[in-house]
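A.B. asks: Have a look at this one.
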Amino acid sequence: MKILGIETSHDDASVALFSENKVEILLTISQFELHEQFGGTVPELASREHSRNLAIILEKLLGKNIDFSTIDAIAYTKNPGLIGPLKIGFLFASALSLFFNKPLIPIDHLLGHFWSAAIENDLEFPVLSLLISGGHTQLIFAENKNNLEIIGSTVDDALGEIYDKIGRSLGCGYPGGPKIDLIWQQNNVRNMELIDFSLPKVLENPLDFSFSGLKTQVINYTNNLKENYLFSQKKVVEIAVSFQKTVIKYLKRQLDLALKTKKNVKTITLVGGVAANSEIRKLIKTYENKYKVVIPKKEFCTDNGAMIAKAAQIFLKFNEEK
């Protein structure tokens, strides 16, 4: 089964050709350098760039002499995401579908992230997945490949969102996640005196997340230093490292709670754009002594067409088995 997957939910235009369990082609054009000057993604600008970038990707695809007659379906991200970029992706997918007479399959972006763990790996069910991205933070429990349940979700900000906001407050630039993680990697964290930011409280659903309080703590602390002329590069490092340390503790707490709730878990996966974070990846690997741990390559953590194609493949096989 061969699927062409198209992802345009945010600022990455990505197209992949996925055959059975192999990514034959993955072409992605990112816009983060364009949006960096604005401190975040500008939807109208993103839509315009997607139109240009998808044309470039199509030209590259055609240059690879792909036999479109062998493709079984064309999949695209339907939602969630920015309306303009999603529409551009839909129009692009629809045009290919009509021209090559192939079925069109709409795919949920978050479902794509979940299945990104299966692009190069076999998942042993039941699976507990931590999905962390710029717009979402979720714990997903899958009893089997056809039965997925969101057991925990953020009630306010997503993790990637607060990384960006705190990165902006510290003057690190956009996107904040990779910038803060780089600070972590470049400093001797073990011997550093850390700031004691408090962990978020347990919510009505203990598996839900709340990051707004932590965000407020960190930004208020930073602003107080600025107002008293005590803000320095040394403080930027201390705040960034202390923030990430608190995030790691919080994610571990939530994962441990989920594993106590779902006692039959065999596999833990880490997916989504923030899954590229080096220390969060290390955290998930600490569970390897009891569970199978699957973390996709970084190219499959960020938004990509391969995860959309993989989700479509699962969908088609499920329908065939009915």
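Cβ coordinates come from backbone N, Cα and C, glycine included.
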A.B. asks: For the substrate site that Swiss-Prot lists with Leu131, Ile132, Ser133, Gly134, Gly135, Asp164, Gly177, Asp181, give the additional residue from the candidates Asn53, Asn264, Asn277.
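C.D. replies: So, going by the record in Swiss-Prot, that would be Asn277.
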A.B. asks: Based on the record's binding annotation for substrate (Leu131, Ile132, Ser133, Gly134, Gly135, Asp164, Gly177, Asp181, Asn277), what whole-number value in Å is the widest Cα to Cα distance?
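C.D. replies: The widest Cα-Cα gap among those binding residues is 18 Å.
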A.B. asks: Give the number of CB atoms, excluding that of Gly177 (substrate binding site) itself, located within 10 Å of its CB.
C.D. replies: 26
A.B. asks: Out of the binding-site residues listed (His109, His113, Asp303), which are within 10 Å of Leu131 (substrate binding site), Cα to Cα?
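C.D. replies: So the list is His113.
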A.B. asks: Listed binding-site residues are Ser133, Gly135, Gly177, Asn277; which of them have CA atoms within 10 A of the CA of His113 (Fe cation binding site)?
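C.D. replies: So the list is Ser133.
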A.B. asks: Roughly how many Å lie between the Cα atoms of His109 (Fe cation binding site) and Gly177 (substrate binding site), rounded to a whole value?
C.D. replies: 20
A.B. asks: Sequence gap of 6 or more, C-beta under 8 Å: which same-chain residues meet both conditions with respect to Ser133 (substrate binding site)?
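C.D. replies: Non-local contacts for Ser133 (substrate binding site): His113, Ala158, Leu159, Gly160, Gly272, Gly273, Val274.
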